[in-house]
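K.L.:
After the structure tokens below, expect a handful of questions from me.
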Amino acid sequence: MTANERPESFTEETPLLGEGGHGDDAPRVRVTRLRGSAIVGAMGMLLFILTINMSMMTTAQSDIAADLDAFSDTTWFNSAFLIAMSSVTPLSGRLAQIFTPRVYILFSCMMLAIGLSVTAVAPTLAVFLLGRALTGCGAGGQMVLAIILTLDLTSKRHRGLFIGMISAGMTIGISSGAVLAGLLVPVYGWRFMFWLQASAAVLVGPVLFSAIPKRPGEEHLGRQALLQKLAKVDYAGALMLCISVFLLLSSLSASEIQVTPIILSLASLLVFLLIESRYTTEPIIPIEVLRLRSVLLTCLSGVACMMARWAVLFYSPVYALVVRDWSPASAGLILVPTNAGFGLGGLLVGWIHIRETGSYYVSGLVAYLLFALSNLVMSVLSSPDSSTIAYIAATFLSGFAVGSIISYTLSHLLHLTDPKVHYVVTALLGMSRGFAGSFGASIGGGFFQRTLKEGLETGFSKHGITDSDDLVRKLLGSPALAKSLTGIEKAVAVQSYEHAIKMLLLGSCVLTLLAAAAHGGTGWVGYKAKRQNDVEDVVGEESEL
């Protein structure tokens, strides 16, 4: 299909920006250097805003909790954002297909700006969480769109490099969020951080809308055709998926696990699968694709791996703040080595190793094992008197391994699957990693808080400290409070935080080993080789006859 031809309809197999038809290694859509630079810069800024929202809470949550009197609800500061983002991601892929990426990205930027503005002016916890959820809705799908733009606008030879650049851009945001919050919040207040991001989102949207090329036939999409496409969106499936995720995470993130929401979550998931398999022509998650072993296991390994990754991102600054007794700004800086490793791992792997489509089975497996080892080492080193250099080296190795995993697993999955479903599997993989952020924040946060609460209550009781309920409640929501304590109270708080962080990192090590096992089950025979083997088998059977 050339750029001048108008497709009659768009399906899951249709490139979102059309096709250029310039050869096997040419990009599907050619853009000028100026347009390409504008897309890279603006999309990088958008991913920067998205990832800042993920990591800034590690050093800002104490001030927010004190201002809103929300010490018992701090796990929801990130969960509200991540659950909304993950729930909207699969629907956003469909909406981007209907409205085109350039229109959808403009809408999402405006939604992002509204959510950040609501968060900035929030007088109560309820309004704050509403703002975080709206921000998550605006952020949903941006990671997937970044990958789709990479697939459409770059050649196969440079695809790995640009995927690595996406990882590097996200790395800069994640590492900067905790540092910027640690520097700016004590001086300007936490609301200033959200106003700053809202202003940037307003500026980025029009730039991307203007720079992303139009899809062939976009100007011919009439109102009736648009309404027909909107009518095909699987709203019921999206709603049931959102309800299932919300119920599961709300239970597992609580200080005490509740059984009823988990049962209701499983029931909602079954209804979702029923809708997807029987009652919709345009499923949110195509069951036929999800049934593929390579796709299912890659998504599961991605969820497990990124859950372990989020444990490092959320709680390394807490370790530095409480156990090491660093300042908030210095505690945020501890994320710089791990995120530098993350960006460098993805960039070097994409630039040096992933030069063509092929199997990266062994490389991915080695990267998973390195990540598990780094988490084990960090668990051992998470004490007040361990070597700072050794801990920083372990965090760097952790980031480098995960950055490599991101690039290897995506490239390996594209090797294993039919090119016709690459957009679908890319969206599924992005969605699974988005869910991992929600799971890491909620499940990991819930596990950490339950372990911390048990340690605090046991420690205070052991030393005969009575009426400690209010202190325990505040320590659960404000790690910085431990710095102002003295005597036995401070010793118990530091020991409890140390134990909770060790257990969380040890659990992350086990989770990563499970992810490695899932990756091991994906196989290494590519889609083209499988088709060739099938043809040979058929020919062999016919010759025998």
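For all residues, glycine too, the Cβ spot is worked out from N, Cα and C.
Bear in mind that TrEMBL entries carry predicted annotations, made automatically and left uncurated.
Got these off TrEMBL a minute ago, pasting:
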- 1-24: region 'Disordered' (REGION)
- 39-495: domain 'Major facilitator superfamily (MFS) profile' (DOMAIN)
- 76-96: transmembrane segment (TRANSMEM)
- 103-122: transmembrane segment (TRANSMEM)
- 128-149: transmembrane segment (TRANSMEM)
- 194-212: transmembrane segment (TRANSMEM)
- 233-252: transmembrane segment (TRANSMEM)
- 258-275: transmembrane segment (TRANSMEM)
- 295-317: transmembrane segment (TRANSMEM)
- 329-352: transmembrane segment (TRANSMEM)
- 359-382: transmembrane segment (TRANSMEM)
- 388-411: transmembrane segment (TRANSMEM)
- 423-448: transmembrane segment (TRANSMEM)
- 504-527: transmembrane segment (TRANSMEM)
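Locate each feature and note its surroundings.
P.N.:
For the domain 'Major facilitator superfamily (MFS) profile' (39-495), the model's pLDDT averages out at 83.
With a cut-off of 8 Å between Cβ atoms, the residues of this chain six or more beyond the transmembrane segment (128-149) that come close are 16-17, 39, 43, 46-47, 49-50, 53, 64, 68, 70, 76-77, 80-89, 91-93, 95-96, 101, 104-105, 108-120, 122, 163, 166, 170, 194, 201, 212, 410, 423, 426-427, 430-431, 433-434.
Within the chain, the transmembrane segment (233-252) has long-range Cβ neighbours (under 8 A, six or more residues past its boundaries) at 79, 83, 86-87, 90-91, 94-95, 98, 258-262, 264-266, 268-269, 271-272, 275-276, 279-280, 282-285, 435, 438-439, 442-443, 446.
Beyond the ends of the transmembrane segment (258-275), by six or more residues, the same chain brings 234, 236-237, 240-241, 243-245, 247-248, 250-252, 283, 287 to within a C-beta distance below 8 angstroms of the stretch.
Long-range contacts of the transmembrane segment (295-317) within the same chain: residues 54-55, 57-59, 78, 174, 178, 289, 331-332, 334-335, 338, 368, 371, 375, 378, 395, 398-399, 402, 405, 409, 412-413, 417, 425, 428-429, 431-433, 435-437, 439-441, 443-445, 448, 501, 504-505, 507-509, 511-512, 514-516, 518-519, 521-522, each at least 6 residues beyond the stretch ends and with a Cβ under 8 Å from a Cβ of the stretch.
If one looks beyond the transmembrane segment (329-352) by at least 6 residues along the same chain, the residues whose Cβ comes under 8 Å of a Cβ in the stretch are 55, 58-59, 159-172, 174-175, 177-183, 186, 312-313, 316-321, 363, 367, 392-393, 395-404, 406-408.
Long-range Cβ contacts of the transmembrane segment (359-382) within its own chain (Cβ-Cβ under 8 Å, at least 6 residues beyond either end) map to 301, 305, 308-309, 311-312, 316, 319, 323, 345, 349, 353, 390-391, 394-395, 397-398, 400-402, 404-405, 408-409, 411-412, 415-416, 498, 501-502, 505-506, 508-509, 512-513, 515-516, 519-520, 522-526.
Beyond the transmembrane segment (388-411), the same-chain residues lying 6 or more positions past its ends with a Cβ under 8 Å from any Cβ of the stretch are 147, 160, 163-164, 167, 171, 298, 301-302, 305-306, 309, 312, 316, 324, 334-335, 337-347, 349-350, 354, 357-358, 360, 363-364, 367-368, 370-371, 373-375, 377-378, 381-382, 426, 429, 519.
Sequence-remote contacts of a segment are chain residues at least 6 beyond its ends whose Cβ falls under 8 Å from one of its Cβ atoms, and for the transmembrane segment (504-527) they are 293-294, 297-298, 300-302, 304-305, 307-308, 311-312, 315, 358-359, 361-362, 364-365, 368-369, 371-373, 375-376, 378-379, 382, 409, 412-413, 415-419, 444, 447-448, 451, 533.
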K.L.:
Ranking 76-96, 194-212, 423-448 by Cβ pairs under 8 Å to the transmembrane segment (103-122), which is first?
P.N.:
194-212
K.L.:
Which residues, given as numbers and ranges, are at least 6 beyond the ends of the transmembrane segment (194-212) yet have a Cβ under 8 Å from it?
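P.N.:
Distant Cβ neighbours of the transmembrane segment (194-212) are 17, 35, 38-39, 41-43, 45-46, 49, 52-53, 101-103, 105-106, 108-110, 112-113, 116-117, 119-120, 131, 138, 149.
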